[in-house]
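What Swiss-Prot lists as substrate binding site is Arg8, Arg9, Glu10, Tyr11, Lys66, Tyr123, Arg127, Ser131, Arg191, Leu192, His193, and the listing cites sequence analysis. Among the features that Swiss-Prot reports, FMN binding site is placed at 61-66, 76-77, 82-83, Gln105, 140-141, Trp185, Arg195.
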Amino acid sequence: MSELSDIRREYTLGELHSEDVPNDPMDLFNAWLEVVRDSQIQDPTAMSVATVDENGQPFQRIVLLKRFGDDGFVFFTNLESRKAQHIANNAQVSILFPWHSIDKQVAVTGIAEPLSKTEVLKYFMSRPKESQIAAWVSKQSSPISARKALETKFAEMKAKFSKGDVPLPKFWGGYLVRPKSIEFWQGGEHRLHDRFIYTKVGDDWVRSRLAP
C-alpha cells in the first residue's frame, strides 16, 4: 500500500481563470475538446456513464460521445443493455470525461432521453458494416459461454447481410443526456485545482467557482 500512496505528480499544465470562463458551458466544453483532439489523446470522446439500478447501486461504463450541442450529449447503445434498463427506471445519469494527461476533466449530471428513430438510423447507417453486424450479434450484458459463441454468431450474421444494407435492430438506439450541471476541473499546482460548475436554472446557466 505504501508504494501506491507514493504515486503522485504535480499538475502544472495550466490554470482556469474566471475571465477565461464563458457564460455558456458548451462553449468551454467545445474549446477543451479541441485541445484534447489537438493533443492526440487516444479516444478523446471516451466518457464514463454512471447509472443506478432499482436498489440505488451505481454502475459505470465507458462509451463514446457521438454528438454534443446546446441540448446535451449523445451516445448510442444496445437498448437491452444493463445501462438502458437502468435508464428506463431512473433517467438520472452522470458523465465524466477523464482527460488526465492534460490535467482536465469534465463532469456532467443530467437526464437521459431516448433519441428519435430518425437520428438513430442516421447514425447507424454511418457506421462501418462490421460494426452494424456486431450490433446484431451481441445481446449486451447477458452471460455467454465463450468468446467463440460471439465469433460464430458474427460469421453467421456477416454471411446473412453480405449483400445490401444491414437493417437497424429494434433493440439498438441512443440517448441524449440533457445536462443539469456541468463541472470543469483544471489540475493546479500544489493541489490548488480550478473548478467551475454551471448549474441549469430555468433556461439559464448559473456559474460558480468551487473550492478544490
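Just so you know, the numbers here start at 1 and follow the chain as drawn.
Placed from the backbone N, Cα and C atoms, the Cβ positions cover glycine too.
Around the Cβ of Arg82 (FMN binding site), a 10 Å sphere holds 16 further Cβ atoms from the protein chains shown. Each residue contributes its Cα atom, and for His193 (substrate binding site) and Gln105 (FMN binding site) those atoms are 11 Å apart. Residue pairs drawn from Arg8, Arg9, Glu10, Tyr11, Lys66, Tyr123, Arg127, Ser131, Arg191, Leu192, His193, the listed substrate binders, are separated by up to 43 Å at the Cα level. Recorded residues Arg127 (substrate binding site) and Arg195 (FMN binding site) have their alpha carbons 36 Å apart, per Cα-Cα distance. Secondary structure at Ser141 (FMN binding site), as computed by DSSP, is coil. When secondary structure is read from DSSP and collapsed to three states, Arg82 (FMN binding site) falls in the helix class.
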